[in-house]
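Notes follow once the structure below has been shown.
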Amino acid sequence: NKASVVANQLIPINTALTLIMMKAEVVTPMGIPAEDIPRIIGMQVNRAVPLGTTLMPDMVKNYE
């Protein structure tokens with residue numbers, strides 16, 4: 001089971017992601033893989049992401 005990126009806090013809309021906002025957790029359904037954390041630092045979320053929410057590819061601007 002691979003870990004996904006999960007919000008460690010409420011991330012407001014248009015906020016650039018930092019390491020402290022995220023944690024790796026095994027969740028279902030899977031979201032952005034935890035190994036992509038270095039790649040998504042500095043990318044903005046396109047919606048508010050509540051604490052404990054799995055980050056999905058469509059929540060992060062320019063995540064392919």
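Every residue number used here counts from 1 along the chain in the order it is shown.
Placed from the backbone N, Cα and C atoms, the Cβ positions cover glycine too.
Over in Swiss-Prot, the protein carries these features:
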type	residues	note
DOMAIN	4-63	domain 'AFP-like'
SITE	Gln9	site 'Important for ice-binding'
SITE	Asn14	site 'Important for ice-binding'
SITE	Thr18	site 'Important for ice-binding'
SITE	Gln44	site 'Important for ice-binding'
Please spell out the DSSP helix, strand and coil residue counts for the domain 'AFP-like' (4-63). 13 helix, 16 strand, 31 coil
If I take the alpha carbons of Thr18 (site 'Important for ice-binding') and Gln44 (site 'Important for ice-binding'), what is the distance between them in whole Å? 10
How many neighbouring Cβ atoms, not counting its own, are there within 10 Å of the Cβ of Thr18 (site 'Important for ice-binding')? 11
State which of the following recorded sites has the fewest other Cβ atoms within 10 Å around its Cβ: Gln9, Asn14, Gln44. Asn14
The domain 'AFP-like' (4-63): mean pLDDT? 98
Report, in whole Å, the straight Cα-to-Cα distance of Asn14 (site 'Important for ice-binding') from Gln44 (site 'Important for ice-binding'). 5
